[in-house]
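Since the structure comes first, as structure tokens, the remarks are kept for the end.
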Amino acid sequence: MATKNEEILRKPDWLKIKLNTNENYTGLKKMMREKNLHTVCEEAKCPNIHECWGERRTATFMILGAVCTRACRFCAVKTGLPNELDLDEPERVAESVELMNLKHVVITAVARDDLRDAGSNVYAETVRKVRERNPFTSIEILPSDMGGDYDALETLMASKPDILNHNIETVRRLTPRVRARATYDRTLEFLRRSKELQPDIPTKSSLMVGLGETHEEIYETMDDLRANDVDILTIGQYLQPSRKHLKVEKYYTPLEFGKLRKVAMDKGFKHCQAGPLVRSSYHADEQVNEAAKERHRIGEEKLGNEIGTDTNN
């Protein structure tokens, strides 16, 4: 028989999703295996994988291997001793983005604290290769803090992504428990320096709720992000990946997420996605700047013309 606490924390109905396994989804999954590529969508058990892969033509590639040197207590990605870098990975990612005809791609990476450059050179090369083969696809990067190595950050930002995403994850008080190898202030500095290096590139961060934070702490985190020129915020429900991970302390209702979004917009964020199933890459194609949106428009027009030509033939 469930305890009172377990009954309170049982997953609510609004966290149930309808799976969409259309051709886009199944084709992408097959290609990932054939190309020996990894996606955070799968590794981190993202609840939106069917919507993004099946409907929005977006995907999040995870590079620099599938094993992370850190062991954050909320994350489902494998941890341990990573493999050697795969120098052919940038080309394979770029080719896959082209074959899938993605509108928006997010390139994230495991933390590579074992590498002198934190993997920044291969990361930047991946962005460049994707851009070369896919000029109409917008590119978002989601790196770790690279151990606070700002030369590595400069290398990465020089590749000119369309969005720099670096997640604060939780409020200041909970950071040591949630992600012991990172620090709250280093995350803020990473975001600030990213904006200083490339002022025209939107910066973005994500916050999980349900770990025991208060509303006041959430608002303080919003203020800290805005004070460091962060443009975009996503807020989503923390879901426990396994019994080894941190427990969910609270399930926020859709109404509460709506209120958090309003507060964020009132505080000056240019864009905020907030909801039970929102993750840092959720609807990311809508968050790019005007230049990237124009590339989207041209790409969609080109795709429409190609489909029309094929139909006529």
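Here the Cβ of each residue, glycine as well, is placed from N, Cα and C on the backbone.
Among the features that Swiss-Prot reports, [4Fe-4S] cluster 1 binding site is placed at C41, C46, C52, S281, with the record citing sequence analysis. The [4Fe-4S] cluster 2 binding site annotation in Swiss-Prot covers C68, C72, C75 and rests on sequence analysis. As annotated by Swiss-Prot, domain 'Radical SAM core' applies to 54-270, with the evidence given as sequence analysis.
Here C68 ([4Fe-4S] cluster 2 binding site) is positioned 19 angstrom away from S281 ([4Fe-4S] cluster 1 binding site), judged by their C-alpha atoms. Take the CB of C68 ([4Fe-4S] cluster 2 binding site) and look out to 10 A: across all protein chains shown you find 23 other CB atoms. Mean pLDDT for the domain 'Radical SAM core' (54-270) in this predicted model: 91.
For S281 ([4Fe-4S] cluster 1 binding site), the number of other Cβ atoms no farther than 10 Å from its own Cβ, over all displayed protein chains, is 28.
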